[in-house]
Amino acid sequence: MNIGTPLSPVATRVMLLGSGELGKEVIIALQRLGVEVIAVDRYQNAPGHQVAHRAYAIDMTDPVALRELIDKENPHLIVPEIEALNTQLLAEVELAGHTRVVPTVKAVQLTMNREGIRRLAAEELKLPTSPYAFADSEQSLRTAIESGIGYPCFIKPTMSSSGKGQSRITSPEQIAAAWEYAATAGRVNQGKVIVEGQIDFDYEITLLTVRALDAEGKVETSFCEPIGHLQEKGDYVESWQPQPMTALALGRAQEIARAVTESLGGLGLFGVELFVKGDQVWFSEVSPRPHDTGMVTMGSQRFSEFDLHARAILGLPVNVALSRPGASAVIYGGLDSSQLVFEGVEQALAVPESDIRLFGKPESFARRRMGVALATADDVEKARARARTAAKLVKTRDGK
(Lines of atoms letter the chains of each structure in order from A; the text may use other names.)
(Lines give C-alpha, C1' and ligand atoms only; values in the text may rest on other atoms or scores of the structure.)
Protein backbone atom coordinates (compact mmCIF):
# COMPACT_ATOMS: atom_id res chain seq x y z
CA MET A 1 0.00 0.00 0.00
CA ASN A 2 1.43 3.36 -1.06
CA ILE A 3 0.41 6.35 1.06
CA GLY A 4 0.83 9.79 -0.45
CA THR A 5 1.38 13.15 1.21
CA PRO A 6 -1.83 14.73 2.57
CA LEU A 7 -3.08 17.90 0.85
CA SER A 8 -0.98 17.17 -2.23
CA PRO A 9 -1.85 15.73 -5.66
CA VAL A 10 -0.58 12.30 -4.51
CA ALA A 11 -2.61 12.19 -1.27
CA THR A 12 -4.38 9.01 -0.22
CA ARG A 13 -7.94 10.24 0.34
CA VAL A 14 -10.48 8.55 2.61
CA MET A 15 -14.05 9.80 3.01
CA LEU A 16 -15.96 8.90 6.18
CA LEU A 17 -19.75 8.86 5.91
CA GLY A 18 -20.73 9.47 9.51
CA SER A 19 -18.43 11.42 11.81
CA GLY A 20 -19.54 10.81 15.38
CA GLU A 21 -17.28 9.76 18.24
CA LEU A 22 -16.31 6.48 16.58
CA GLY A 23 -15.64 8.14 13.25
CA LYS A 24 -13.54 10.77 15.01
CA GLU A 25 -11.19 8.11 16.35
CA VAL A 26 -10.97 6.43 12.94
CA ILE A 27 -10.02 9.79 11.42
CA ILE A 28 -7.27 10.31 13.98
CA ALA A 29 -5.95 6.79 13.35
CA LEU A 30 -5.91 7.38 9.59
CA GLN A 31 -4.16 10.72 9.94
CA ARG A 32 -1.43 9.12 12.03
CA LEU A 33 -0.74 6.99 8.96
CA GLY A 34 -0.53 10.03 6.68
CA VAL A 35 -3.99 9.79 5.11
CA GLU A 36 -6.03 12.79 3.96
CA VAL A 37 -9.50 12.48 5.49
CA ILE A 38 -12.85 14.00 4.49
CA ALA A 39 -15.51 13.84 7.22
CA VAL A 40 -19.21 13.84 6.32
CA ASP A 41 -22.18 13.93 8.67
CA ARG A 42 -25.79 15.10 8.71
CA TYR A 43 -25.05 18.05 11.03
CA GLN A 44 -22.33 20.69 11.32
CA ASN A 45 -19.45 20.44 13.79
CA ALA A 46 -19.82 16.71 14.41
CA PRO A 47 -16.94 15.20 16.44
CA GLY A 48 -15.15 13.94 13.34
CA HIS A 49 -15.54 17.30 11.59
CA GLN A 50 -13.33 18.82 14.26
CA VAL A 51 -10.27 16.73 13.37
CA ALA A 52 -10.62 16.07 9.61
CA HIS A 53 -8.85 17.84 6.76
CA ARG A 54 -12.24 18.83 5.31
CA ALA A 55 -15.79 18.52 6.62
CA TYR A 56 -19.26 18.54 5.09
CA ALA A 57 -22.82 18.32 6.39
CA ILE A 58 -25.28 16.72 3.94
CA ASP A 59 -28.21 14.32 3.83
CA MET A 60 -26.37 11.09 3.09
CA THR A 61 -29.57 9.35 1.99
CA ASP A 62 -29.91 11.90 -0.85
CA PRO A 63 -28.24 10.33 -3.92
CA VAL A 64 -27.76 13.67 -5.68
CA ALA A 65 -26.04 15.38 -2.76
CA LEU A 66 -23.90 12.33 -2.03
CA ARG A 67 -22.89 11.92 -5.67
CA GLU A 68 -21.90 15.58 -5.97
CA LEU A 69 -19.69 15.35 -2.90
CA ILE A 70 -18.02 12.11 -3.96
CA ASP A 71 -17.34 13.54 -7.42
CA LYS A 72 -15.91 16.69 -5.85
CA GLU A 73 -13.56 14.93 -3.43
CA ASN A 74 -12.75 11.83 -5.53
CA PRO A 75 -11.78 9.62 -2.55
CA HIS A 76 -9.86 6.37 -2.91
CA LEU A 77 -11.82 4.80 -0.05
CA ILE A 78 -15.31 5.45 1.31
CA VAL A 79 -15.79 4.32 4.92
CA PRO A 80 -19.44 4.18 6.05
CA GLU A 81 -19.74 4.79 9.79
CA ILE A 82 -23.54 4.90 10.02
CA GLU A 83 -26.51 3.01 8.59
CA ALA A 84 -28.55 5.90 7.12
CA LEU A 85 -26.91 6.01 3.69
CA ASN A 86 -27.92 5.70 0.06
CA THR A 87 -26.28 2.33 -0.51
CA GLN A 88 -27.50 2.06 -4.10
CA LEU A 89 -25.38 5.06 -5.00
CA LEU A 90 -22.40 3.55 -3.17
CA ALA A 91 -22.82 0.42 -5.28
CA GLU A 92 -22.75 2.53 -8.44
CA VAL A 93 -19.67 4.41 -7.25
CA GLU A 94 -17.78 1.22 -6.47
CA LEU A 95 -18.80 -0.33 -9.78
CA ALA A 96 -17.20 2.61 -11.58
CA GLY A 97 -13.88 1.30 -10.33
CA HIS A 98 -11.92 4.19 -8.84
CA THR A 99 -13.35 4.21 -5.31
CA ARG A 100 -13.57 1.24 -2.93
CA VAL A 101 -16.34 1.07 -0.33
CA VAL A 102 -15.20 -0.37 3.01
CA PRO A 103 -15.47 -3.23 3.68
CA THR A 104 -17.76 -4.00 0.71
CA VAL A 105 -21.01 -2.61 -0.65
CA LYS A 106 -22.62 -5.98 0.13
CA ALA A 107 -21.61 -5.68 3.78
CA VAL A 108 -22.93 -2.13 4.04
CA GLN A 109 -26.23 -3.03 2.39
CA LEU A 110 -26.85 -6.18 4.44
CA THR A 111 -25.91 -4.69 7.81
CA MET A 112 -27.76 -1.40 7.39
CA ASN A 113 -30.93 -3.18 8.44
CA ARG A 114 -31.63 -6.10 10.73
CA GLU A 115 -33.60 -8.03 8.14
CA GLY A 116 -30.72 -8.40 5.70
CA ILE A 117 -28.15 -9.55 8.22
CA ARG A 118 -30.53 -11.80 10.17
CA ARG A 119 -31.61 -13.62 7.01
CA LEU A 120 -27.96 -14.03 5.99
CA ALA A 121 -26.94 -15.42 9.38
CA ALA A 122 -29.92 -17.64 10.15
CA GLU A 123 -31.23 -18.69 6.75
CA GLU A 124 -28.15 -18.73 4.52
CA LEU A 125 -25.31 -19.47 6.95
CA LYS A 126 -27.52 -21.53 9.31
CA LEU A 127 -26.06 -19.91 12.42
CA PRO A 128 -27.85 -20.13 15.77
CA THR A 129 -29.93 -17.01 16.54
CA SER A 130 -32.86 -16.08 18.73
CA PRO A 131 -36.32 -16.94 17.31
CA TYR A 132 -37.45 -14.03 15.14
CA ALA A 133 -40.02 -12.72 12.69
CA PHE A 134 -40.53 -9.55 10.66
CA ALA A 135 -43.72 -7.51 10.72
CA ASP A 136 -44.97 -4.63 8.57
CA SER A 137 -48.07 -3.78 10.60
CA GLU A 138 -49.30 -3.89 14.17
CA GLN A 139 -51.54 -6.82 13.31
CA SER A 140 -48.77 -8.86 11.68
CA LEU A 141 -46.59 -8.12 14.72
CA ARG A 142 -49.32 -9.37 17.02
CA THR A 143 -49.74 -12.49 14.90
CA ALA A 144 -45.99 -13.22 14.91
CA ILE A 145 -45.80 -12.97 18.68
CA GLU A 146 -48.90 -15.01 19.40
CA SER A 147 -48.14 -17.71 16.83
CA GLY A 148 -44.68 -18.63 18.07
CA ILE A 149 -42.34 -15.91 19.33
CA GLY A 150 -44.12 -15.57 22.66
CA TYR A 151 -43.35 -13.38 25.67
CA PRO A 152 -41.17 -11.75 26.74
CA CYS A 153 -39.88 -10.49 23.41
CA PHE A 154 -38.03 -7.55 21.90
CA ILE A 155 -39.43 -5.24 19.22
CA LYS A 156 -36.81 -3.35 17.20
CA PRO A 157 -36.76 -1.19 14.06
CA THR A 158 -35.17 -2.95 11.12
CA MET A 159 -32.84 0.04 10.91
CA SER A 160 -31.57 1.80 14.03
CA SER A 161 -28.59 2.04 16.36
CA SER A 162 -27.80 2.74 20.01
CA GLY A 163 -31.05 1.21 21.20
CA LYS A 164 -33.31 3.69 19.40
CA GLY A 165 -36.84 2.38 18.95
CA GLN A 166 -36.31 -0.82 20.94
CA SER A 167 -38.79 -2.20 23.46
CA ARG A 168 -39.07 -5.29 25.63
CA ILE A 169 -42.67 -6.35 26.09
CA THR A 170 -44.28 -8.96 28.31
CA SER A 171 -47.98 -8.79 27.40
CA PRO A 172 -50.36 -8.18 24.45
CA GLU A 173 -51.35 -4.80 25.89
CA GLN A 174 -47.87 -3.45 25.11
CA ILE A 175 -47.82 -4.38 21.43
CA ALA A 176 -49.43 -1.21 20.03
CA ALA A 177 -47.03 1.15 21.79
CA ALA A 178 -44.02 -1.01 20.89
CA TRP A 179 -45.07 -1.10 17.23
CA GLU A 180 -45.47 2.68 17.08
CA TYR A 181 -42.15 3.29 18.81
CA ALA A 182 -40.18 0.88 16.63
CA ALA A 183 -41.83 1.87 13.35
CA THR A 184 -41.10 5.57 13.80
CA ALA A 185 -37.94 5.83 15.94
CA GLY A 186 -35.39 4.18 13.65
CA ARG A 187 -32.76 5.98 11.60
CA VAL A 188 -35.02 5.66 8.55
CA ASN A 189 -38.73 4.92 8.90
CA GLN A 190 -38.99 1.52 7.23
CA GLY A 191 -42.52 0.72 8.42
CA LYS A 192 -41.15 -2.68 9.36
CA VAL A 193 -39.86 -4.21 12.58
CA ILE A 194 -38.16 -7.35 13.81
CA VAL A 195 -39.55 -9.18 16.82
CA GLU A 196 -37.13 -11.46 18.66
CA GLY A 197 -37.85 -14.03 21.31
CA GLN A 198 -35.87 -13.64 24.51
CA ILE A 199 -32.89 -15.97 24.91
CA ASP A 200 -31.90 -17.17 28.36
CA PHE A 201 -28.25 -16.14 28.23
CA ASP A 202 -25.56 -15.59 30.85
CA TYR A 203 -23.92 -12.59 29.17
CA GLU A 204 -23.44 -10.91 25.80
CA ILE A 205 -20.19 -10.05 24.10
CA THR A 206 -18.76 -8.11 21.22
CA LEU A 207 -16.11 -10.06 19.36
CA LEU A 208 -14.05 -7.58 17.35
CA THR A 209 -13.10 -9.46 14.20
CA VAL A 210 -10.49 -8.09 11.82
CA ARG A 211 -10.03 -9.05 8.18
CA ALA A 212 -6.60 -7.80 7.11
CA LEU A 213 -3.81 -8.73 4.75
CA ASP A 214 -0.89 -10.77 6.04
CA ALA A 215 2.73 -10.43 4.93
CA GLU A 216 1.99 -12.48 1.78
CA GLY A 217 -1.00 -10.35 0.84
CA LYS A 218 -3.59 -12.97 1.81
CA VAL A 219 -6.70 -12.10 3.83
CA GLU A 220 -6.31 -13.26 7.41
CA THR A 221 -9.01 -13.16 10.11
CA SER A 222 -7.95 -12.15 13.63
CA PHE A 223 -9.96 -11.86 16.83
CA CYS A 224 -9.52 -9.43 19.69
CA GLU A 225 -10.16 -10.72 23.19
CA PRO A 226 -13.94 -10.86 23.82
CA ILE A 227 -15.56 -7.72 25.20
CA GLY A 228 -18.32 -7.98 27.79
CA HIS A 229 -20.84 -5.18 28.08
CA LEU A 230 -23.75 -3.90 30.09
CA GLN A 231 -26.73 -2.35 28.31
CA GLU A 232 -29.62 -0.21 29.42
CA LYS A 233 -32.58 0.24 27.05
CA GLY A 234 -30.53 -1.21 24.21
CA ASP A 235 -27.63 1.21 24.64
CA TYR A 236 -24.22 0.32 26.03
CA VAL A 237 -23.28 1.93 29.34
CA GLU A 238 -20.21 -0.09 30.29
CA SER A 239 -17.81 -2.52 28.60
CA TRP A 240 -14.79 -4.54 29.67
CA GLN A 241 -12.09 -6.71 28.15
CA PRO A 242 -11.48 -9.60 28.38
CA GLN A 243 -14.82 -11.21 29.17
CA PRO A 244 -14.15 -14.62 30.79
CA MET A 245 -15.47 -17.47 28.62
CA THR A 246 -15.04 -21.21 28.39
CA ALA A 247 -12.62 -22.34 25.69
CA LEU A 248 -15.48 -24.10 23.89
CA ALA A 249 -17.70 -21.00 23.92
CA LEU A 250 -14.86 -18.80 22.68
CA GLY A 251 -14.14 -21.23 19.87
CA ARG A 252 -17.78 -21.26 18.83
CA ALA A 253 -17.95 -17.48 18.99
CA GLN A 254 -14.94 -17.22 16.70
CA GLU A 255 -16.44 -19.75 14.27
CA ILE A 256 -19.65 -17.71 14.04
CA ALA A 257 -17.77 -14.43 13.65
CA ARG A 258 -15.54 -15.89 10.97
CA ALA A 259 -18.50 -17.27 9.01
CA VAL A 260 -20.37 -13.96 9.05
CA THR A 261 -17.40 -11.74 8.20
CA GLU A 262 -16.15 -14.06 5.45
CA SER A 263 -19.60 -13.90 3.87
CA LEU A 264 -19.62 -10.10 4.05
CA GLY A 265 -16.08 -9.94 2.65
CA GLY A 266 -13.64 -7.08 2.27
CA LEU A 267 -11.08 -5.69 4.68
CA GLY A 268 -11.68 -3.98 8.00
CA LEU A 269 -12.86 -4.47 11.55
CA PHE A 270 -16.30 -5.89 12.34
CA GLY A 271 -18.13 -5.77 15.66
CA VAL A 272 -19.88 -9.13 16.04
CA GLU A 273 -22.44 -9.25 18.86
CA LEU A 274 -23.18 -12.62 20.44
CA PHE A 275 -25.19 -14.11 23.31
CA VAL A 276 -23.51 -16.73 25.50
CA LYS A 277 -24.83 -19.28 27.98
CA GLY A 278 -22.28 -21.77 29.24
CA ASP A 279 -20.81 -23.30 26.09
CA GLN A 280 -23.71 -22.18 23.88
CA VAL A 281 -23.37 -19.16 21.58
CA TRP A 282 -25.98 -17.33 19.49
CA PHE A 283 -25.41 -14.71 16.80
CA SER A 284 -27.12 -11.36 17.45
CA GLU A 285 -25.85 -8.61 15.12
CA VAL A 286 -22.78 -7.38 13.26
CA SER A 287 -21.49 -3.92 12.39
CA PRO A 288 -18.93 -3.61 9.55
CA ARG A 289 -17.05 -0.94 11.48
CA PRO A 290 -15.74 -0.15 14.98
CA HIS A 291 -18.26 -0.79 17.74
CA ASP A 292 -19.22 1.49 20.62
CA THR A 293 -18.48 -1.24 23.19
CA GLY A 294 -15.02 -1.51 21.62
CA MET A 295 -14.00 1.92 22.89
CA VAL A 296 -12.49 0.00 25.81
CA THR A 297 -9.67 -1.00 23.45
CA MET A 298 -8.32 2.56 23.59
CA GLY A 299 -6.93 1.53 26.96
CA SER A 300 -6.76 -2.26 26.89
CA GLN A 301 -4.99 -2.96 23.59
CA ARG A 302 -1.72 -1.88 22.01
CA PHE A 303 -3.75 -0.92 18.94
CA SER A 304 -7.33 0.22 19.49
CA GLU A 305 -10.22 -0.96 17.33
CA PHE A 306 -9.86 2.31 15.43
CA ASP A 307 -6.17 1.71 14.73
CA LEU A 308 -6.99 -1.82 13.60
CA HIS A 309 -9.76 -0.64 11.27
CA ALA A 310 -7.52 2.03 9.74
CA ARG A 311 -4.67 -0.40 9.17
CA ALA A 312 -6.89 -3.15 7.79
CA ILE A 313 -8.72 -0.98 5.24
CA LEU A 314 -5.37 0.36 4.02
CA GLY A 315 -4.08 -3.18 3.47
CA LEU A 316 -1.63 -3.02 6.37
CA PRO A 317 -0.89 -5.81 8.90
CA VAL A 318 -2.57 -5.76 12.33
CA ASN A 319 -1.78 -6.77 15.90
CA VAL A 320 -4.81 -7.59 18.06
CA ALA A 321 -2.94 -8.35 21.29
CA LEU A 322 -4.39 -7.31 24.65
CA SER A 323 -2.04 -5.13 26.70
CA ARG A 324 -3.89 -5.10 30.00
CA PRO A 325 -7.41 -5.80 31.30
CA GLY A 326 -9.55 -2.71 30.80
CA ALA A 327 -13.00 -1.19 31.02
CA SER A 328 -15.03 1.76 29.77
CA ALA A 329 -17.98 3.63 31.28
CA VAL A 330 -20.20 6.16 29.53
CA ILE A 331 -20.26 9.85 30.47
CA TYR A 332 -23.72 11.30 29.76
CA GLY A 333 -24.65 14.90 29.02
CA GLY A 334 -27.06 14.99 31.92
CA LEU A 335 -28.93 18.00 30.54
CA ASP A 336 -29.96 19.74 27.33
CA SER A 337 -27.35 22.31 26.32
CA SER A 338 -25.42 23.65 23.34
CA GLN A 339 -22.74 25.03 25.67
CA LEU A 340 -21.96 22.08 27.90
CA VAL A 341 -19.15 22.45 30.42
CA PHE A 342 -17.40 19.45 31.98
CA GLU A 343 -16.20 19.68 35.55
CA GLY A 344 -14.23 17.27 37.70
CA VAL A 345 -11.95 16.14 34.89
CA GLU A 346 -8.91 16.47 37.14
CA GLN A 347 -10.51 14.23 39.76
CA ALA A 348 -11.45 11.66 37.13
CA LEU A 349 -7.92 11.53 35.77
CA ALA A 350 -6.56 11.07 39.30
CA VAL A 351 -8.17 7.62 39.40
CA PRO A 352 -5.32 5.10 38.93
CA GLU A 353 -4.72 4.03 35.31
CA SER A 354 -7.66 6.10 34.07
CA ASP A 355 -8.25 8.21 30.99
CA ILE A 356 -11.23 9.97 29.45
CA ARG A 357 -12.45 10.91 25.99
CA LEU A 358 -14.79 13.89 25.62
CA PHE A 359 -16.36 13.67 22.20
CA GLY A 360 -17.01 17.35 21.47
CA LYS A 361 -20.61 16.91 20.33
CA PRO A 362 -22.09 20.36 19.70
CA GLU A 363 -25.36 19.62 21.49
CA SER A 364 -26.04 17.72 24.70
CA PHE A 365 -29.14 15.86 25.88
CA ALA A 366 -29.76 14.22 29.22
CA ARG A 367 -29.09 10.68 27.93
CA ARG A 368 -26.75 11.56 25.08
CA ARG A 369 -23.33 9.94 25.25
CA MET A 370 -20.89 12.84 25.49
CA GLY A 371 -17.76 11.02 26.60
CA VAL A 372 -16.32 7.83 27.98
CA ALA A 373 -14.06 6.98 30.91
CA LEU A 374 -11.38 4.34 30.40
CA ALA A 375 -9.37 2.41 32.96
CA THR A 376 -7.01 -0.54 33.19
CA ALA A 377 -6.00 -2.74 36.12
CA ASP A 378 -4.62 -6.16 37.04
CA ASP A 379 -8.08 -7.66 36.55
CA VAL A 380 -11.34 -6.75 34.85
CA GLU A 381 -13.38 -6.15 38.01
CA LYS A 382 -10.89 -3.60 39.32
CA ALA A 383 -10.76 -1.93 35.90
CA ARG A 384 -14.57 -1.72 35.82
CA ALA A 385 -14.67 -0.13 39.25
CA ARG A 386 -12.05 2.44 38.21
CA ALA A 387 -13.88 3.30 34.97
CA ARG A 388 -17.20 3.74 36.79
CA THR A 389 -15.56 5.94 39.40
CA ALA A 390 -13.87 8.12 36.80
CA ALA A 391 -17.11 8.51 34.83
CA LYS A 392 -19.07 9.55 37.93
CA LEU A 393 -16.46 12.15 38.84
CA VAL A 394 -17.05 14.01 35.57
CA LYS A 395 -19.93 16.46 36.12
CA THR A 396 -21.70 18.62 33.55
CA ARG A 397 -23.35 22.03 33.66
CA ASP A 398 -24.84 24.49 31.22
CA GLY A 399 -22.23 27.11 30.35
CA LYS A 400 -24.74 29.81 29.43
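Cβ from N, Cα, C; glycine included.
The N(1)-(5-phospho-beta-D-ribosyl)glycinamide binding site annotation in Swiss-Prot covers Glu21, Leu22, Glu81, Asp292, Lys361, Arg368, Arg369 and rests on sequence analysis. Annotation for Lys361 (N(1)-(5-phospho-beta-D-ribosyl)glycinamide binding site): spatial neighbours Gly20, Glu21, Ala46, Pro47, Gly333, Arg368, Met370, criterion Cβ-Cβ under 8 Å with sequence separation of six or more.
Long-range Cβ proximity for Arg114 (ATP binding site), meaning a same-chain Cβ under 8 A and a gap of 6 or more residues, is found for Lys156, Pro157, Thr158, Met159, Ile194, Glu285. Annotated ATP binding site per Swiss-Prot: Arg114, Lys156, Ser161, Ser162, Gly163, Lys164, Gly165, Gln166, Glu196, Gly197, Gln198, Ile199, Glu204, in sequence order.
Annotation source Swiss-Prot lists domain 'ATP-grasp' at 119-314.
Sequence annotations record features per position, and here Swiss-Prot assigns Mg(2+) binding site to Glu273, Glu285 based on sequence analysis. Taking the Cβ of Glu285 (Mg(2+) binding site) as centre and 10 Å as the limit, one finds 19 other Cβ atoms among all the protein chains shown.
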Take the Cβ of Asp292 (N(1)-(5-phospho-beta-D-ribosyl)glycinamide binding site) and count every other Cβ within 10 Å, whichever protein chain it belongs to.
23
Give me the long-range Cβ neighbours of Glu204 (ATP binding site): same chain, 6+ apart, Cβ under 8 Å, in sequence order.
Gly228, His229, Gln231, Glu273, Leu274, Phe275, Val276, Ser284
Which one is closest to Glu81 (N(1)-(5-phospho-beta-D-ribosyl)glycinamide binding site) in space, judged by CA to CA distance, out of the binding-site residues Gly165, Glu196, Gln198?
Gly165
To the nearest whole angstrom, state the Cα distance for the pair Gly165 (ATP binding site) and Arg369 (N(1)-(5-phospho-beta-D-ribosyl)glycinamide binding site).
17
Counting Cβ neighbours within 10 Å across all chains shown, tell me which of the binding-site residues Arg368, Arg369 comes out on top.
Arg369
